[in-house]
Structures are given as structure tokens and as C-alpha cells.
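Annotated features, as they stand in TrEMBL:
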BINDING   A:Arg48, A:Arg54  NADP(+) binding site
BINDING   A:Arg125, A:Ala126, A:Ser127, A:Asn238, A:Ala239, A:Gly278, A:Lys293, A:Ala294, A:Thr295, A:Pro296, A:Ser297, A:Arg319  FMN binding site
Protein chains: 4
Amino acid sequence: MAGNSIGTLFKVTTFGESHGLALGCIVDGVPPGLDLCEDDLQKDLDRRKPGSSRYTTQRREADAVKILSGVFEGKTTGTSIGLMIENTDQRSQDYSRIKEIFRPSHADYTYQQKYGIRDYRGGGRASARETAMRVAAGSIAKKYLHDHLGITIRGYLAQMGEVACPLQDWQQVGQNPFFCGDESKLDDLEQLLRSLKKSGDSIGAKVTIVAENVPVGLGEPVFDRLDADIAHALMSINAVKGVEIGDGFAAVSKRGSENRDEITSAGFRSNHAGGILGGISSGQTITANIALKATPSIEIAGQSIDIHGQTVEVSTHGRHDPCVGIRAVPIAEAMMAIVLMDHYLRYRAQCGDVQPKRYF
Amino acid sequence: MAGNSIGTLFKVTTFGESHGLALGCIVDGVPPGLDLCEDDLQKDLDRRKPGSSRYTTQRREADAVKILSGVFEGKTTGTSIGLMIENTDQRSQDYSRIKEIFRPSHADYTYQQKYGIRDYRGGGRASARETAMRVAAGSIAKKYLHDHLGITIRGYLAQMGEVACPLQDWQQVGQNPFFCGDESKLDDLEQLLRSLKKSGDSIGAKVTIVAENVPVGLGEPVFDRLDADIAHALMSINAVKGVEIGDGFAAVSKRGSENRDEITSAGFRSNHAGGILGGISSGQTITANIALKATPSIEIAGQSIDIHGQTVEVSTHGRHDPCVGIRAVPIAEAMMAIVLMDHYLRYRAQCGDVQPKRYF
Amino acid sequence: MAGNSIGTLFKVTTFGESHGLALGCIVDGVPPGLDLCEDDLQKDLDRRKPGSSRYTTQRREADAVKILSGVFEGKTTGTSIGLMIENTDQRSQDYSRIKEIFRPSHADYTYQQKYGIRDYRGGGRASARETAMRVAAGSIAKKYLHDHLGITIRGYLAQMGEVACPLQDWQQVGQNPFFCGDESKLDDLEQLLRSLKKSGDSIGAKVTIVAENVPVGLGEPVFDRLDADIAHALMSINAVKGVEIGDGFAAVSKRGSENRDEITSAGFRSNHAGGILGGISSGQTITANIALKATPSIEIAGQSIDIHGQTVEVSTHGRHDPCVGIRAVPIAEAMMAIVLMDHYLRYRAQCGDVQPKRYF
Amino acid sequence: MAGNSIGTLFKVTTFGESHGLALGCIVDGVPPGLDLCEDDLQKDLDRRKPGSSRYTTQRREADAVKILSGVFEGKTTGTSIGLMIENTDQRSQDYSRIKEIFRPSHADYTYQQKYGIRDYRGGGRASARETAMRVAAGSIAKKYLHDHLGITIRGYLAQMGEVACPLQDWQQVGQNPFFCGDESKLDDLEQLLRSLKKSGDSIGAKVTIVAENVPVGLGEPVFDRLDADIAHALMSINAVKGVEIGDGFAAVSKRGSENRDEITSAGFRSNHAGGILGGISSGQTITANIALKATPSIEIAGQSIDIHGQTVEVSTHGRHDPCVGIRAVPIAEAMMAIVLMDHYLRYRAQCGDVQPKRYF
């Protein structure tokens, strides 16, 4: 079944393979009257872009996005917005080997088994290249949320391998190629990546996403809770294996008396919940963590089978990130923005005329 | 917007408040010809039922489910199945106090702010009582998956507070009130709960869900990945703050060479991925963990505000679980079943005539 | 796949067979704060109720609807509303004959072929009895649209057989058992029905639905146009074979110069379009017609086959309407209300902050 | 809310304005392994293409469609298919007049009022040019239905103005610019169009769509009936004001004894129902009629208002069809194909393992 859409009112539908002619998406449900131009999208795309540091894949794509519809004289019209990025760097590689092999821990095996056919060039639809359109679409949501509601959504690398990088300074995040908010950890990160390059290995990462200024009331009871939809959106990013809201797994060993967020007339006294209560935003800052596995595309040879079932040795050379978590930051921001935008529209639909009371 | 449905082809829609007349749900999309009777649902409902051990809430409900439609002469007909559980234990409590208070870390505040009105009796729609219908609906999915595909879905308590309970024996799980698969930890668990009762506190938990015999090919690329939908379904359970697939957050500090799952002609050599590659089931066992926070309904007094913004002291007496994680086991199984059933139908729709190759 | 839901933001999901335990539905997405009680629903249910005149089926059901959730202290809470009508008149008929026969022009054949099983008692899920829940759910929409937006939705019998009954007087519609708005046609209708009773035959009908005071702007471009959604909703009613918006099929032989609706500063000069332009409501009155076929449940014997493929003779005796179109009026009103309510919420979501200009 | 998608399992989402850079769509849910190339789509696009006869609009577009993804080595891969047609004939017209005017019976007024902004160039999103992507997407459905199930979907002009053209010969339909299946009516049609050209007027039309070889069992009970979804799809086409299934409005004056379709062991004896019973395909030929209004873009001056509310005179000169119904044939075929494809996948999902019995 159709699985290439996300959102209900703010709906993003994507297409495109790693080495096809183009990537594209349709963003439907954008309110009319939003100022929007290609530069608004390009900024985030450039942050995600491969080749933006020497530690990310060296594939060189301009990743220049075009707005094909839905914007007129600099403003959104309320009709569906078509976006496209042409694939310019489709090196005519020799795929004769990869064509018949299931790279371990890639989607090669599952795509082939499910569909009986797969576009093996660069991972086809399963390539992380697909996430470019998420970033482009997410930028529209981000801009609306910022311009109309004052919401800020941003993320940082919280950990790479054993190197934890707790946020010290948001300014710092934008000033290094790791999205790291702790300047004192930059050397450790560089050193880790260097050693991975040398050994031909890769490493996992943790990324934290923070949404500030989110109004109270976003999210639906029961199944379409805000946290559930955030979990869905973040887990849908390539390589993500875990999602936490607020304290996440740390809550397992906490008592109710430690873990609850007391309220006083001055506001909440803590935010263990990560800004969501009963599936609905509380007005506090929303925080989420994601765990990304190390890419299996490494030089160290490993065993796998080919499409005939024969055991083969596989190792990956060429342009690949030793840590895919680095580039996940703008992608995860985009997913958070898409979910919040969708829930904001849902909120308007059902509760648009309810006036929340201002307590703090 | 409507948020009380889950699933696309196998779709569950629920209603019901903690202290209303009844809870109910509609299960739509069930294939015809499945043997089904109320006992099939009741078994799992009884596992979830409050009052099933002295460590869970003492509310006493028969929780007797009725099938109102969609089953004829013992078989499903393909039409929508209506289920209902009447609320029989609606103690006419005195709600005069809770009525005006936002219990900390409950949904009282967010519901009131979002809707401008809330059914304050027992938490209303936000009560964990709502999960009864998830279990009932999930039982139908579970039965279909088991009878037609041989899939087994089961869960266990993996940790309570600091007490880790790694699975030793599935048999054991059904023989104690904690869903604990390690007999040697039963004393520790009892002791922890006793001490919590004494101090009027509560504790978090981790639950693991395992689905065996899942065929290769379930799950859609990009947004409706199987892992993303599992994350959504599990995060939608009350009190859940984190979801992991396979290694989850442990993947953050692992290298690609450790974390990848090599394949040989004898099969996969490991299962760090938790049975899902590129969002599609690989044929390996699917594993997921969830983190549940401690319930904030505790006797230890805490601060909050009332609906007028005045600071108040809140403490909860009466029937409440010190560890809600215990009862989350059958609920999480149900959610896993609903997701797998939905994706099985989606698989049949698009790829029903593709023959996966048998490699192992 | 799940086909028992309608609407996206205002979503109605139903269950129930003609001779099962109960009919029910879940209405999701209702804005909070709407005054609502069972009487609000019962009024329309009573208009649809079998046995309300001597010309409709003599099945006697109280059709007493219960609100099971989503309403608290007389107001909707924003959570899903569960409704139920118990089937009290399940005569323990002898179904031995009908059980093995495909009644001509009924759904017996298609249900059996599609599902391999069917609840043959009284048509099961395909019975017009299913429409009771549409009426109940539609009443909620109707009430909201009326109370909050001043929209009025009402219908009348426009034609029965060859007897055309153009609307003369809305008052009259509620004063006869035919929903006929032309007092001078009552005798003709009575006579037609009498002759049908005598000959054991049945007759088709045309019903007109009118929605007044609908604001400009409801409806989405391209696929989810307001007229397309109305067509969907009305065509989903049992026995409906045609839907017209505005001039409908009369437009085929009209010229552009006759058919266009000119505008002046005093307003639209005509309403050939039926209140919808480009799929979006224009602020004019919305009009739709539906054609209902004669019920095939007649006494005059006809040929069919049984489940073994043998030719059999079929004739229907007992309680059946000679003209199902009569009871279709409140059902069609309900469907129109559901569609308008859904589109009103969709409108609020995307364009809630756009101020249409007041031209007339 | 997002309204630019149709279908659930076979899902088509479109974008594009009349005078924007490009039109495009994403077709999601296509089963893998279907042979597909651009020529398969181009054939139908050429039938719809403006300028294909002297009686349709003289806009000259190559309408060359590109497949951007989802097809690999000539076969569909199961991933989403991106399609695009670049707008090459965007004459830099002078829009200064149309910019401020609401053309009567166009969507100008409703778009402006709903969104507060509109792309006025050539009707923007409301232009019939949007239907090009419907045709492209529908061709994929058509091809699958034909290649895998032997289903044929085709249409013809049944009436133009007062000139009825009952089908005599399918061969003839493809041999004249009117899609007329009655050679003897060609002169009348030519003459009618000539006179309309002369008087600067336009005319309505009726189109009939026929689907042969549809298997029994497609369609869902209650809301997502096959006829309801066909009505939705056909009514969503620009200018359509009515939809009939089978006998349609002729059923109003028919008796049950005339209207029912008797069955014998040799098959159905008639097809008044148009191939659908209880919302589910019966295995008979599916027939549907649509009524299309005359285009309001005519030379004969009419009254309207401008965006300031001032009364103005409007007349349209230039390239416009005197009868838009002519080009509606391939569009309506496409919509029928999309609905049948969607329901075929839905059927496979829920009832794929039920074996219908072969009676005839």
C-alpha cells in the first residue's frame, strides 16, 4: 500500500530513487498567504547536503530545489506545492557487483523479497538521499510555525559513539560540521571520525530535537497523540532504532515522586515529560532523542549472500559517511516540524474557537 | 481532528471514558472466515484486567466483552466488528475535589486547555481504562496472525525500577503476576512493590515485545515503515516515553562492524536490527522495547494548580497501580498485533502475487 | 479494506447487521462544547423509523439511541462519541429459504461471492437498517451546523414514479408521511402506493436535498471537491443510482449562455451550479438530487439462482416499503450534513484565518 | 486540508497550475513488476490533449510526460512513481483584466474568497489543464487492469446538447474527434459546433463510461461502495454536474418488477444496476454516465463583478472548447480506472484468499 505520505492535513508525499532522474514531493494543505521562496528551503537542504564536511559522504550534488506550483508572486496559494531536485551526480558506476548482492543490514534483501525487483543503484528508494525531500518539505512547516506561531525547532548531535555532547550553547551548533553544541568535544569527535576512517568502520549517534514555544493543546487523545506521531515520524528516518520523548528510557528506573512534573502558579517545575501530557502538548518545550545505528556501508569485509543464495564477502568503498547521525540533525528537525504543523492544523479544525486560559 | 483510529486496512476505532456507560470499538477490515468468539478476546482482557493481582489497581470490573456485529455463526463475515464492555464499577465517588484540580503529570491540564471542558471522573478518556478496547481489538489481530500465518506475539516485563529481568523462560512469564520471565527476580520485584506501597510511591518499567515467525516483506518504504508504525502504536500507550527496535539506544555507541547483521546461506548471524531492514520485516524475530514512566497517581503529596490557577497540594489515595508497566504487557502485545495485521493486509494488496524466495 | 467510515476530520464509523444484537457508530472529531442529548438524535431517527407510516415497512423498532461516550454534563467533550441502538425486533423468522438464495438485485450474490460467507438474516450488513446510524451521526453534524453557523439542511420527495412533486411549501413537507412539499400531490401518491400494494410491486423515487446558509469556501480543489464528496456520500445510500448537483443532467442540453450564473453587485442572478463552483461552496444554496431505484423486495415472483447455481423463483412477502425513497429523505439530509461538517472543519484547518470579503 | 489525493491503496496525488512551470503527480501503491514506459501514458494523454481537433482549445502543448521514478529497466518497482509534464506553452499573456475579475461560473470567486489569494493566470489550479495528470495516472491503472485482469475501460460521447449519440460501434469512437460511437450523428455534431462557434456560445454534454470484465467482489459495504467511489471520482472532474450508475435517474419512474435484474443459471438477464449490487461489483459490465455543463468561457458577454465588488461585463475570446465534454472522455476513463484499481487492491487485501464460485 501507498506508504510514501506523512501527515493528514499537512501532508507530504515523496518520490525518487538515489540514482533516478529526480527526487520530488508534493506538500499539500499549506495555508495560503505564507511568504515562501526557494531560498527558504535551500538553507536547510544545504545543512543536510552530502559533501558539506569532510566527514560526510563526498557525493557532490547541488541539491537545488525548484518550486513547481502552489506559490504565486512569493506567497503560498493554498494549493498543493510541487518540489523537485534533479539528480545531477548520477555517476555511471559499475553496478555489476552490487546488483546481485544483498549488502548486510541494508534494505537490499527486504526490497528484493517484498517486490521481486529492486533498483539496486545506490540503494534506490531506500537510500538516505530520499531524505532530501523531507528536509525541503519540513522547511515549509518550519517557516510557517516560526512566522505565525513563534515556534523554534532545532536539533544537535547529543552523542557519537561513546562521546556524549550535552548541549552547552545553541550558537555553537551551527558553527561546526557536527551540529555539536559543546565546543570542548569537537576534538574528541574529530579524533573518533579519523580513527573510524582509518579502520574503515562507522559509528552510531544520538540526536536531540527541541521544539520551543509550542502552544498548549496540539495532539489528539488515544492513537494520534503528539508523542506517538513524533515517534512515527522520527523512527521513519533511515537508521533510527530508538525514540525517546522527555526522559525516555531513564523513566524506567525513576519513581513517581521523582518523575512527575509539579506545577505552581509560576509554571511547571520540571519537564520530565518532554512537553507532552496525555498525548497533548503542555506548552512546555518538546524534547525528543533518537538513536541512529552505524551505517553498515563500511570497508571492513563482512559476510552476506547474493541473490542466488551463495555466501559472498562484502565491503564498501567510496563515498560514505562514517557517522550518518551527523546529517540526521536537519532531517529530524524537518520531521518534527511536519508533525507539529499537521497537529497545529488539526487543532485549528476541532478546537480553533476554544480559548486556552493563560495560567503562567 | 479524529484521533481515535489506528490502522489503514485493519482499522481500530475506539470510544469510551473511564466512568462513562461503556467502552467500545469498531474493528474494520477483518478478513472473512476467521473463527472468532468472545472467549478469544476475553483471555487477553483478563490478563490486562485491573485487580488481577494485588499489585495492580483494585478496581473490580468484569470487563466482559460483547461482540455486537461482524461475526456470524462463529466466523467473521468481513463486515465491521462492534465490541463493547459495559462499565459496571462506576463508584459514585465524590469528585468535588479532583474536578477543579490539574493532577500533576496527568492529562487534566492539557485536556482542559485544549477542549475547554473535560470529563474529570477518573481521568475520562485519558484513563488507562481506554486500553481495554485495544486489547480486545488486538486479540482479533493476534488470532488471525496466529491461525493463518503462525505468528506468535508475546511480551514480558524486562525491568522494573532498577530490577532488570532478562527473559529466561517464556513459560515463567505466564505464571507470575508480573509477566516476568526470570523466576529468580520475583522476590526482588515483590520487595520493590512492597516498599513502594509503604512509601506511597510508584515506579517505571521496561517491557519487551517479541513477534516470531513474521514473514519477510511487511512494511512500506519511507514513511509507513514497519518500525515507524510500531513506534507510533507503542508510543500511543499511556505512560510510554520511549520505544526501541532491536538494539535501540545501544546502537549509539556501536560500530558498523559490530552492529551489522551478517548473512550466510544458513541465515542471519545476528539480529541487532530487531527483524526490520529499511522499514520492512526481514523474516527474523521482531523485538521492541518500551519505557513506561511511573504513574504520578501517588500518595506522596505534590504541588499543582487548580483551574483557577491557585497552587494546591495533590496526593492520590485509593486503587492505583504502583507500577503501570505490569499491565502494559498485554496492551503492547495488542498494539504490535494491530500493526502487523495491518501491514500484512497492505502487503497482500500490493505484493500478494510476488513470491519471496526461500533462502534459509 | 475498511469501508465503514466516512469523513476525514468529522469521521463516522458504523457497525451492525439487520438482525444482530445492535447497531452502533463512533463519531470522531466533534468540536467540544456543543450542547447535545439523545433527544437531539432521536428526532431524526424517528423521521427515518420504519413503521412511521402505513407505507413504510411495518417492522417496529423503538430505534432508541444511546450516547455512550463523548458527552459530559450535556456538552460534547471533543472525544469520540459512541452511539448504539439495540435491535429489539429480531423476529426469530425462518430463514431456511432465504439462506440459500440470492435475491435478485440484492447484495446477497455479491456479498457471498466477495466474502465466501454472509449473514443472510434480513440482508445483514446490506440492509437499509444500517442507515439508522447515519441518521444518528448526521444529527450531530446538523445540530452543530445549525447552532454555530446557521446552516439549514432539509430534503423532500421530488418525484415518486411518474408523480413529480416540485416543492411548494417547506411546511407541508413535515406534515405528510411522504415528505412531499406539494399538498396537491398527496392523493396521487396515496393512490400510486395503494396500487403498488395491490399489485405487489414497488417504485423508484427522486429526493432533493437543500442546504441553506452555507458559507463561501467549503470544499477542496481537485479531488476532494465539495460536490464530489456530496456525490460520494449520497451515492453510498442504499438504492441510490444517480446524483445531481444543481441543474445536473439538465445541463447536458444547455448552452453556456443559459447555464452560467451571472453575478452583480446585488448577488448571483441564478443558481444553475447548485451552490458550488470549482468544488468550493459559493455561498449560494446547495442543491442535490438523488435517484432511488425501486426495491427488488416485491411479491411479484422473479427468477434467480440459489447458492448451488440452481434456478429458483423468488418473491418477497411481509414488511417492506413499496417506495424506499420515502425514508431516504432524512438519510440524505444526514449524509449532506456529515459532508458539510467535515468540510467546515477542513476549511477551519487551512483557511481559518482568511477573511472572505462580504460582497452582497 | 489536503485535497489533492485520490485513492487509498492506489493513491494519486497531483500538483500544478495552468500557467506554472509544470504539472506533476505521484502514483503510489502500484504493484511491482508491471511493464511500463512513457508511451503507455502518452497514448491517453494525446487523446485528451488540447488542440487535437479543431473543436477543442487551440492551446498547443506537447504534453510530453516524463516518468521520474518508480520504474526500473521497464518495470514498476513498487515504489512511488513520479510523473511530470512541463508547461511549454505559457504565453505571456496580458492578465491585467482577468486578474481583477471573477469570471461568472468559474472558480475565480470561490478560490479568492477561500484562500484570499489566487493564481489568476488561466484559472490556475482550477484549470482543466489539471486533468492531464489524472489521465497520466489513470493510464497506469488502466494498463494494470488490462494486463493482469483483462478489464477494458472505455468511454464515448453519449450526447451533446440535444444530439443524442447512442453507441453503435466502439470502433467508430476512436475514428472521429468527438469520441462518438454513431457515425450517422457526426454531421449533426459538426453542425452544432459550427453554430456555437459562430454564436460564440458553448454546450453541455453527456459521456458514458463502460468497464468490461470487472471481476465480482470489488467494493466495500456501506460508505466506500464501488458506486459511491465512482461517483466521487467522476464528480471531481471539472464541469461535471451529475453521475449515474446503470439506469440512473431513469430508475425513478420504474417499478421493482421492471428494474430488478433477474438471474438464471445462464447469468443475469439484464443490467439495470450497471454492474454493482450493494456497492460491490457483480461481474457484469459497469456503466456510468456523467453530465457536463457548458463552459462559461464564451464570447457572449455576461455580467459579473470584480474583486472590488463593481459590476463588469465579461466575455472570453481566444482558445476555448465550445464543448468541454469532448475531452472529458479520456479523463473519465482515467478516473474509472483509478477507482477500480484501488478497489482491486482493497479486495486483494481483505478477500484475496476467498475463491468466488463460478456460476456462469
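Positions of Cβ are set from backbone N, Cα and C atoms, glycine also.
Feature map: TrEMBL annotations on the structure.
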residue	record	Cβ neighbours (10 Å)
A:Arg48	NADP(+) binding site	24
A:Arg125	FMN binding site	28
A:Ser127	FMN binding site	22
A:Ala239	FMN binding site	19
A:Lys293	FMN binding site	30
A:Thr295	FMN binding site	26
A:Ser297	FMN binding site	24
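With a threshold of 8 Å between Cβ atoms, the binding-site residues A:Arg125, A:Ser127, A:Lys293, A:Thr295 that neighbour chain B are A:Arg125, A:Lys293, A:Thr295. A:Lys293 (FMN binding site) falls outside any helix or strand according to DSSP and counts as coil. Filtering the binding-site residues A:Arg48, A:Arg125, A:Thr295 for a Cβ under 8 angstroms from any Cβ of chain D leaves A:Arg125, in order along the sequence. A:Arg48 (NADP(+) binding site) carries a helical DSSP state (H, G or I). DSSP assigns A:Ala239 (FMN binding site) to coil in the three-state reduction, placing it in neither a helix nor a strand. Following the DSSP three-state reduction, the secondary structure of A:Arg125 (FMN binding site) is helix. For the pair A:Thr295 (FMN binding site) and A:Arg48 (NADP(+) binding site), the C-alpha distance works out to 17 angstrom.
Counting in whole angstrom, A:Lys293 (FMN binding site) lies 18 from A:Arg48 (NADP(+) binding site) by their C-alpha atoms. You'll find the Cα of A:Arg48 (NADP(+) binding site) roughly 14 Å from the Cα of A:Ser127 (FMN binding site).
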